Each structure stands twice: as C-alpha cells, then as structure tokens.
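Student: First the structure, which I've put down as structure tokens, then a few questions once you've had a look.
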Amino acid sequence: MTALHVNVDHVATVRQARRTTEPDPVQAAVLAELAGADGITVHLREDRRHIQDRDVRVLRETVQTRLNLEMAPTAAMCALAIEVKPDVAMLVPENRQEITTEGGLNVYELKDSVREAVQKLHDAGIPVSLFLDPEEKQIDTAAELGAEVVELHTGRYAEATAERQRRLELDILMTEASRVLDEGMQLNAGHGLNYRNVRPIAAIPGVRELHIGHGIVSRAVLVGFEQAVREMKALMTGHR
Ligand SMILES: CC(=O)[C@@H](O)[C@H](O)COP(=O)(O)O
Ligand SMILES: NCC(=O)COP(=O)(O)O
C-alpha cells in the first residue's frame, strides 16, 4: 500500500507571516500522525521562509513515524542533517526567487557536488532520496550515485490543465517510475498533488510513498474554518 507522508511546510508559512509561534508545524505533525500519516516531511529552505531549524530539531524528538528532511545539497545543510539525523534526507534544488520547487535536482549536471553530499550523508548513516524530474539520464545518475530513493517530481503532471497533457505527463511518470524500480531504488512521488489529481499517481505500480503538503494544508484550513469560527463566537458570547 502507498504510504502518505505529510509535508507541514505551509503550516509554518502561516506562522512566519506573523513571525509568531502559531500555528506550529510540530502540532500539525502530531495531528497528521494521529490521522494516520505514515511520515512527516519538511523542507528546511536556505532562506528559512517557512520551516525553521527549531522545527526540525523538535520534530526529530516528537515524530513517531518517519521524518523526511528536504534540503539543498550544500555543506551547511549536510552538517545540519548529520546533527539532526532525519530518517531520510532528500536533496532538492533551491532557487531563492522561486515560489516553490520548480524542477528536480539536475543530478546529471551536478554529479560531483551531489556525490559529495550523498557521501557525507551516507557516512553519517542517513539514507538519501533524490528529487528528480522524470528523465532517464537523471534516474540513471541517481543509481550511479548510490541513492536509496528517488522521488519523482509530479509538478508538470499536477499543473497540466489540458487532459491530453496530463495524460502525457502521467505516461512519462509511469515510464520513469519503472526505471527507478528496475535500478533497484525505492520509488516515491510528490509535488502539487491534491484531492483531484492524486489517484492516478497513487496507482503507479511500485510507488511506495507520496509526499503531499500544500493540498492537505489548504484543505485543512477550509474544513477546520467553521469550527474555528464557532469556537470564537462561543467564547465571545460566554457559551464556552
Ligand atoms: C521538494 C518539493 O517539492 C516540496 O516538498 C518542497 O517542500 C516545495 O517547497 P515549498 O514547500 O517551499 O513549496
Ligand atoms: N516533495 C513534495 C512534498 O513534500 C510536498 O509538496 P507539495 O504537496 O507541498 O507541493
């Protein structure tokens, strides 16, 4: 069965909008686990726009399932991962101007620097996942670098508006998913998945984990809104 790993980055996005202490992504992670999440994912960006170092450290102490740390393949991030010891570290590309991760890590072109990061993490006993576009040369390079896991970037599929394009992107993902499995690596997928587009991705043969964040946080804001307003009204009117 495909596992659901919940990314709580955007709980922290709301907190950082006010630089305050709520909502706390650590509390969201607890609730996600109580609801059946198989793992918790966070992306500690170099610009610290949402998740903070404190979040990663506290999550390491509190997550009862598995903690997946997404990070750029830099020396500073590797040092932090080695200190915190997530269950898996996923190397992702980062660009400070981007709104979200725009593409997979180009391990084919950045082979030497990625190899260095993979080596450091492996030396510390941390399994490595690589966040890749569904392309043959990227997957072959991931296998060559000794990555245990590949997470296929589902962004192009998720963003496709025309059905024909979506089908095409799904076919590409399915072809490259088989390649990941043939190379003996664990197959994960994620980015931009939501309640409308998740089913065909969850049905890809051999996919082990889906990492989903923005879609779940967006839904949570709406499905929890009525209760939050009712509770505030009750407090104001002394009915609580
Ligand atoms: C790597 C990836 O696709 C996401 O997990 C990542 O977290 C996106 O970054 P933001 O959460 O900042 O959108
Ligand atoms: N690696 C993908 C992830 O963790 C969640 O991405 P998104 O659902 O927030 O787009």
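Every residue gets a Cβ built from N, Cα and C, even glycine.
Sharing the features that TrEMBL gives for it:
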BINDING   Asn7, Arg18, Gly192, Gly213, His214  3-amino-2-oxopropyl phosphate binding site
BINDING   Asp9, His10, Arg45, His50, Thr100  1-deoxy-D-xylulose 5-phosphate binding site
ACT_SITE  His43  active site, proton acceptor
ACT_SITE  Glu70  active site, proton acceptor
SITE      Glu151  site 'Transition state stabilizer'
ACT_SITE  His191  active site, proton donor
Student: List only the single closest residue to His214 (3-amino-2-oxopropyl phosphate binding site), chosen from the recorded positions His10, Arg45, His50, Glu70, Glu151 by CA-CA distance.
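Tutor: When the Cα distances are compared, His10 comes out closest.
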Student: Quick test of your reading of the structure: among the recorded positions Arg45, His50, His191, His214, whose CB sits under 6 A from ligand 2?
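Tutor: From Arg45, His50, His191, His214, counting a Cβ under 6 Å from ligand 2 as near, the near ones are His191, His214.
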Student: Using the CB centroid of Asp9, His10, Arg45, His50, Thr100 as the 1-deoxy-D-xylulose 5-phosphate site centre, which other residues of the same chain sit with their CB within 8 A?
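Tutor: Checked against the 8 Å cutoff, the neighbours are Asn7, Ala12, Thr13, His43, Arg49, Ile51, Gly213.
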Student: Where among the binding-site residues Asn7, Thr100 do you find the Cβ with the fewest other Cβ atoms within 10 Å?
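Tutor: The binding-site residues Asn7, Thr100 were compared, and Thr100 has the fewest Cβ atoms within 10 Å.
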Student: For His10 (1-deoxy-D-xylulose 5-phosphate binding site), which of the recorded positions His43, Glu70, Glu151, Gly192 has the nearest Cα in space?
Tutor: His43
Student: Just checking: which of the recorded positions Arg18, Glu151, Gly192 have a C-beta under 6 Å from ligand 1?
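Tutor: Result: none.
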Student: Need this for a regression test: recorded positions Asn7, Glu151, His191, Gly192, Gly213, filtered to those with Cα within 10 Å of Arg45 (1-deoxy-D-xylulose 5-phosphate binding site). What's left?
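Tutor: For Arg45 (1-deoxy-D-xylulose 5-phosphate binding site), the recorded positions whose Cα atoms are within 10 Å come to none.
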Student: Could you give the Cα-Cα distance between Asp9 (1-deoxy-D-xylulose 5-phosphate binding site) and His43 (active site, proton acceptor), in whole Å?
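Tutor: His43 (active site, proton acceptor) has its Cα 6 Å from the Cα of Asp9 (1-deoxy-D-xylulose 5-phosphate binding site).
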Student: Let's check the environment of Gly192 (3-amino-2-oxopropyl phosphate binding site): how many other CB atoms sit within 10 Å of its CB?
Tutor: 20
Student: Let me know the largest Cα to Cα distance in Å among the 1-deoxy-D-xylulose 5-phosphate-binding residues Asp9, His10, Arg45, His50, Thr100, as an integer.
Tutor: 12
Student: When a 10 Å sphere is centred on the Cβ of His10 (1-deoxy-D-xylulose 5-phosphate binding site), how many other Cβ atoms does it contain?
Tutor: 22
Student: Count the Cβ atoms, other than its own, that fall within 10 Å of the Cβ of His214 (3-amino-2-oxopropyl phosphate binding site), considering every protein chain shown.
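Tutor: I get 17 for this one.
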